[in-house]
Amino acid sequence: MALIKSPSVFRHSLRWNVSWLFVLSAVLCLFVADISIRSFDPWAELGRLVSGLLQPSMSGLDDIGLAVLQTLAFAMLGVALGSVCGLFLALVFHWRWIRMMCALLRAVHELFWALIFLQIFGLHPLTGLLALAIPYAATFAKIYAEILEEGDRSAFDVLSHQTGWVSAFFYARLPDLWQHFKTYTAYRMECGLRSSAVLGFVGLPTLGYSLSTAFMEGQYSQVWALLILFYLLIASLKYWLRPSLIPVYLCVAPFVISNDQTISFANVARFFTQDIVPSPLLKGESLVGLWQWFADLFMTQALPGIINTLVLSQIALVATGLLSLGLFPIISKQFFGRVGRGLGHVFLVVMRSTPEYILAFILLLLWGPSMLPAIVALVLHNASIIGHLVGRFSNDVRLRQDAPTGINRYTYELIPRVYGQFLAFLFYRWEVIIRETAILGILGVATLGFYIDSAIQEIRFDRAMVLILITAILNIVIDGLSRYIRNRIRLSQAINIR
């Protein structure tokens, strides 16, 4: 049962003050953000988009079945490999260097990993597989370690000291924690499907490739047909992702993603020995030349990218919070009946199932290149996730029989009770929003991703790698700041995002 707090105590709490500080920072960011609409005729483009929604069509789409299978196969293999590696890393997550390595690996977005491996392996299946498995392994390690830390250790503690750690884990710890592992892994499979689809936007043969082609050709009937197909894949996940079938899927998946691409080991060697080595070092220049090269890169690209990334993400974070508070009632039994909550669930599922990258891509076509499409895409996706979680949490709140209804129930009864958990969810998503903000630069928004993509297009991989490293460090800093704030205002440190 949630604790009752009076409105006056709530308004003068540290959590309330921190909230207003973030709102103020977002308002200040609006003054320097580029949120203009640059499309020549956005209403006409919107009309064509709506027309496509009313008449979805698969006609003209070649090999769509193979694209679906590739999307599923990459997601399945990436999540499976990531979960296995993550489990082993979780067992030694108390080692500081393991935690630091995992923080660095998961701070780099899957699309950045894909762009890196494209230069090494080309369109070989390893590109997509490693782009998913590496950051997912680091994420699994963190979450699995939290599950292990919070789990019941009573059976483990009574074992003989002579018991091997492998036997102790599989017989005394895993059975009690299995359901938690399974639940989170199933959630990560949903994330894997979204990430697998988005990999198509950089050339891999998943649904994203067909989507990007249809978008660029203005075939909006095909766009909506593909999106509906993708939503059906997500919605039906619990029906086809059965434990008994997973071994079959994992055996078939490698054959689905296989192609005739070969790995050039000369290309691999050149990438690590020449391509990513800073150009001053290749030219034999001194450390002074290297410092000047880095300083120029930082001042002309990294610093503007960092500023734009922080500005965009701060606006998106606060707007996500505001929209989340507005959305959670639509699935809460405190406000709506079964039918109303059902419609609310459908809306939130569609929004959170659509990757931010795809949402931003659609809005970019409507409004032109600015921060506005990225902000709206980030807000819609993340607010639907947080709204869903807060709505579920609100269902456990007990109210008196004479509790007010309508806006008074929302303002005076529910908000004070759910606000702490809401902030925990929001700050937990802060680092995710930063990661997504950076990657949306590939679409033309001047965040760090824009400069990374430009460096890759110019075949300056040394610059790209430095910028990716800076992006990862920024993510780690934000994650640390989020943890500090959550600890300072006494929010939950381990979030059950399922």
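Note that Cβ sites are derived from N, Cα and C of the backbone, with glycine treated the same way.
Per TrEMBL, the feature transmembrane segment maps to 64-91 (among others).
Residues or ranges marked as transmembrane segment by TrEMBL: 111-134 (among others).
TrEMBL lists 223-241 (among others) with the feature transmembrane segment.
What TrEMBL lists as transmembrane segment is 306-331 (among others).
The feature transmembrane segment is assigned by TrEMBL to 432-452 (among others).
Away from its own ends, the transmembrane segment (464-482) comes close to residues 103-104, 107-108, 112, 115-116, 276, 278, 294, 297-298, 301-302, 305-306, 309, 427-428, 430-431, 434-435, 438, 448-449, 451-452, 455-456 of its chain (Cβ-Cβ under 8 Å, at least six residues beyond either end). TrEMBL lists 464-482 (among others) with the feature transmembrane segment.
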Criterion met for the transmembrane segment (306-331) and the transmembrane segment (432-452) (at least three Cβ pairs under 8 Å): yes
Same-chain residues near the transmembrane segment (432-452), Cβ under 8 Å, at least 6 residues beyond its ends: 34, 107, 109, 111-112, 115, 201, 301-302, 304-306, 308-309, 312-313, 316-317, 320, 356-357, 360-361, 364, 369-371, 373-374, 377-378, 382, 464, 467-468, 470-471, 474-475, 478
Within-chain partners of the transmembrane segment (111-134) [C-beta distance under 8 Å, separation at least 6 from its ends]: 74-75, 77-79, 81-82, 85, 105, 192, 195-196, 198-199, 201-206, 254, 257-259, 261-264, 267-268, 271, 275, 357, 438-439, 442, 449, 452-453, 456, 461, 464-465, 468, 471
Residues of the parent chain within Cβ reach of the transmembrane segment (223-241), under 8 Å, 6 or more residues beyond its termini: 49, 52-53, 56-58, 61, 64, 68, 71-72, 186, 189-190, 193-194, 197, 207, 210-211, 214-215, 349-350, 353-354, 358, 362
